[in-house]
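Report on one structure; see the data block that follows.
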């Protein structure tokens, strides 16, 4: 297995953060990101960038973090107990975009690198990441295009890659207490290292670079779609699912909180406004009901 180079990974991640922020500012056309650099007492730090009150994006956050610690936290060793007690280094770019218009989907993306050290032993390392889409209104064209973009970036790495990571995404972003997916999925991968450092890093780069290519056309297509208070209230209600998932199930959120990460940056994924409604039921025959019946479950979007 080729030797991992964390300096190379960090340089890519910092550049990716810049490129995504520039792309989102161009899409929004009105607001700019504010940057907040921070340091962590135990080692490392990061830079959080948040855009608020834009013409298109109500809130968008794009975080870079690079943290170190003397021992792996429980969230990272739950499925790899042999790593308990190792020192670690973790770096990544994580972003969540909450658009203003309910016809534009919310989206999340993340690419990350972990390396764990122990004296007298080879380092243990892996890449993880992915991206997923959470529409509020059912536009089949958007979902198919999103998954086609995901499949296209996977193809150079093997025919089996897209179906594998698409399924993993469906399984990961599942809310058991709601019996529904968080959205329409995309890609999710973790523990990637068997192909060696260069190939694993290349795939992580493809996912990071492919995110905006997949999302920008959907934003452009829906940004001028008219909406009223009814659609806005439904969007705020559905945002509640985002909060439920991130605070109850998301491994990244738990990892950040357990490692003494920066709370403001970790909770940047939360929507700026959200509402809950007791025993909500969508009106039969409406687009909201179609979202529930046709979109909030795993589907093969490229073979309908």
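Using the three backbone atoms N, Cα and C, a Cβ is placed for every residue, glycine included.
In the three-state DSSP classification, residue 111 (substrate binding site) falls within a strand. Annotated substrate binding site per Swiss-Prot: 94, 110, 111, 112, 260, 261, 262, in sequence order, evidence recorded as sequence analysis.
Positions annotated as divalent metal cation binding site by Swiss-Prot, on the basis of sequence analysis: 98, 108, 147, 177. Annotation note: residue 147 (divalent metal cation binding site) sits in a helical segment as assigned by DSSP.
Within 10 Å of the C-beta of residue 108 (divalent metal cation binding site) there are 25 other C-beta atoms, taking all protein chains into account. Among the features that Swiss-Prot reports, active site, proton donor is placed at 108.
Under the heading site 'Important for dimerization', Swiss-Prot lists 177, citing sequence analysis as support. When secondary structure is read from DSSP and collapsed to three states, residue 177 (divalent metal cation binding site) falls in the coil class.
Swiss-Prot lists 242-277 with the feature region 'Important for dimerization', giving sequence analysis as the kind of evidence. Only residues 6 or more beyond the boundaries of the region 'Important for dimerization' (242-277), in the same chain, are considered here, and those with a CB under 8 A from a CB of the stretch are 36, 38, 40-42, 46, 48, 50, 52, 58-59, 61, 63, 65, 67, 69, 73-76, 90, 94, 96, 98, 106, 108, 110, 112, 134, 173, 175, 177-178, 182, 233, 236.
Mean per-residue pLDDT, taken over the region 'Important for dimerization' (242-277), amounts to 90. When the binding-site residues 94, 110 are scored by other C-beta atoms within 10 Å, 94 scores highest. Between the CA atoms of residue 108 (divalent metal cation binding site) and residue 94 (substrate binding site) there is a gap of 8 Å, rounded to the nearest whole number. Here the binding-site residues are 260, 261, and the one whose Cβ sees the fewest other Cβ atoms within 10 Å is 260.
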